[in-house]
Amino acid sequence: MKIALSGKSGCGNTTVSGMIAKHYGLEFINYTFHDIAREHNIPFSEFYEKEIIGRNDYYWDKYLDNRLSVLSRKNNTVLASRLAIWISKSADLKIYLYAKMEVRAERIMTREGGMYSDVLSSTFIRDENDKKRYLAIYNIDIDDYFSETDLVIDVTNINPNEVFELIRDEIDKRNLKKNS
């Protein structure tokens, strides 16, 4: 069984993907720019500004997405990333989590701290930067996810447990099983 889960920052991708992986005994794949920044001992905000936005060659995007593409070929995985539903072509179930920007900013603020207005602004800017980069690199419009997904869940007013239950119901309905 292969599950691919995408959504913008603050939608609960990591949390819900981890819950799915644990419940079904699947490998959880979630390698992000945060991980790369940690590996290089650089604060994420600095890494993002200098290495993601500050470069014109998209090196780190390609590095990250290539690594995720290779990992997505494995069986019995849950891949969580912004582009998971586009990267994991062979996923048995492709899920997109959606939430209003204000709710996502609130969640990010709770997780990372900061002032709401600053987090809201940086969330908007990050969304716009992500959209521009993915269009430039892959010709992917991350706001046009319906054609790539089997299931879209608006998580604006529901918690991770409720999201997990909706996904579990879909997995059970499709009779998806862990491969031996």
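Backbone N, Cα and C define each Cβ position, glycine as well.
Taken from Swiss-Prot as is:
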BINDING   Gly7, Lys8, Ser9, Gly10, Cys11, Gly12, Asn13, Thr14, Thr15  ATP binding site
Other CB atoms within 10 A, centred on Gly7 (ATP binding site): 27
Per-residue Cβ crowding (10 Å cut-off), top of binding-site residues Ser9, Asn13, Thr15: Asn13
Protein Cβ atoms within 10 Å of Cys11 (ATP binding site), excluding its own: 23
